[in-house]
Every structure is written in C-alpha cells, then in structure tokens.
Amino acid sequence: MSGATVVNHPLVQHKLSIMRDKATSTQGFRRLLREISLLLCYEVTRDLPVVLQTIETPICEMQAPTIAGKKLVFASVLRAGNGLLEGMLDLVPSARVAHIGLYRDPETLKPVEYYFKAPEDLNERLVIVVDPMLATANSAIAAVQKLKDRGATNIRFLCLLAAPEGVAKFNESHPDVPVFTASIDEKLNDHGYIVPGLGDAGDRMYGTK
Ligand code: PRP
Ligand code: URA
C-alpha cells in the first residue's frame, strides 16, 4: 500500500476551501471540520465487510446486511484529532475510542507523548486513527506505532490535509496502514507547516495561539 486515497468530493473540497481561509472564525472552522468528518468517515469505512442477519420488516422476513465483526475503534490524536472524532461518532455511535496525547515540539518537530488510553482488545478491531494534519508525519508514525505496540494489526489513518513528504515517510514507516485525506498539498515549509495548508489546526479549532 503506498500513497493515499484522496477524497475528492466537491462538498469536501468546498468546505475545505472555507476552512483554509484565514478569515474563517473558530466557530466556523469547528463546524466545517465536523461536517467534513462525516464525509471522510463515509469514505474510510466504504469497504467494511457486512454479514446478513435475519430481520423481520412489517411485510416479511429478510436477510439484511449489517457491519460484520467487533465495533470499530476511532483513535484520536489530541488535540486536533477530536475535531474529526466528533463527527465520526455521530455516524458510528457504537465505536470505541482511543485517545493518544501527542504534541509536536516546535523546535525539533518530534512528537512528545503525554497521554494514552485505548480499549484492551485492539488486536480484534479495525482501528481508524484520526488527526486533521499529516505534515512531517512524525506524530502519525508515533501514534500508529503506539497502537501496534498495544496489539492493533488492522489500522487506517484518516486526515484532512497531508504534505507529500509526510505521506511518503508514513508509507515507508507503516506500509500496511492505508492513508485517507481530503488533499495532498504542495509541500512543507521550513517550520514543518503544510503549504498552502490551513495553519495550525489545533489553534484554529480552539482559538488558541
Ligand atoms: C498537529 C496535528 C498533528 C501534528 C502534525 O498537532 O494535529 O498531530 O501537528 O504534524 P507532524 O505530521 O509534523 O507530526 P500539534 O502538535 O500542533 O498538537 P495539537 O493538536 O495539540 O495542537
Ligand atoms: N500541524 C498543523 O496543525 N498544521 C500544519 O501545517 C502542520 C502541523
């Protein structure tokens, strides 16, 4: 598996363009991220296996498709991952949730871990890691490694924006983990920010600096 699946739906691209605009308010940014997360969740779960279950409609019995296997796990990379998580839980309310607390040291661009909590049986579930930004990929690589260390074997990574350098590095480190994104932007700048990007996702979501 290499590269990334780009979700090129006009609704996603339209909402993303408004999010990129620096004039968009904190409130607007959060609302749009939640809306986009529904559309991205639809794509990242598109090929989930289904099993047939016997149910009875008011008219007759039928074999009805339902999602097979154990409940999904959504793993949110804090803080900004929570912006995607909220909408995904609207769509898949039964999902279990893991939280991975990481922040990027602004000097070294290396991730610093401060929190981890996940369901016990990660080895039995599909884990979808969510973080809006895949820049250097240092955070995503560390988050996925942590989940693998705790037993996860079936993992997908979902973000809003990716840098080409980040996608390549992530693919190299975790070739078994497919990446889904709304856009692969042009490049990283000297500070490890995605260009043109949208700025700092966490700050724009929460109105911090
Ligand atoms: C942002 C983003 C990713 C990371 C991406 O988080 O949400 O986790 O940077 O950068 P990378 O690919 O170069 O590692 P940040 O560290 O700003 O933390 P925050 O979500 O708490 O604001
Ligand atoms: N983290 C962000 O929030 N934005 C970037 O462009 C890079 C890392």
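In case you wondered, yes, glycine gets a Cβ from its N, Cα and C as well.
The domain 'Phosphoribosyltransferase' feature in TrEMBL is assigned to 6-208. TrEMBL lists R79, R104, D131, P132, M133, L134, A135, T136, A137, N138, S139, D200 with the feature 5-phospho-alpha-D-ribose 1-diphosphate binding site. Positions annotated as uracil binding site by TrEMBL: I194, G199, D200, A201.
Residue density at A137 (5-phospho-alpha-D-ribose 1-diphosphate binding site): 27 other Cβ atoms are found within 10 A of its Cβ, drawing on all protein chains shown.
Counting only the Cα atoms, the space from A135 (5-phospho-alpha-D-ribose 1-diphosphate binding site) to I194 (uracil binding site) is about 6 angstrom.
Within 10 Å of the C-beta of I194 (uracil binding site) we count 26 further C-beta atoms, all protein chains included.
Neighbouring residues of the recorded uracil site, listed in sequence order and excluding I194, G199, D200, A201, comprise P132, M133, L161, Y193, G197, L198, G202, D203, R204 (Cβ within 8 Å of the Cβ centroid).
DSSP classifies G199 (uracil binding site) as coil under the three-state reduction. Within 10 Å of the C-beta atom of R79 (5-phospho-alpha-D-ribose 1-diphosphate binding site) sit 17 other C-beta atoms, taking all shown protein chains into account.
Close to ligand 2, meaning a Cβ under 6 Å from one of its atoms, are these of the binding-site residues R79, A137, A201: A201.
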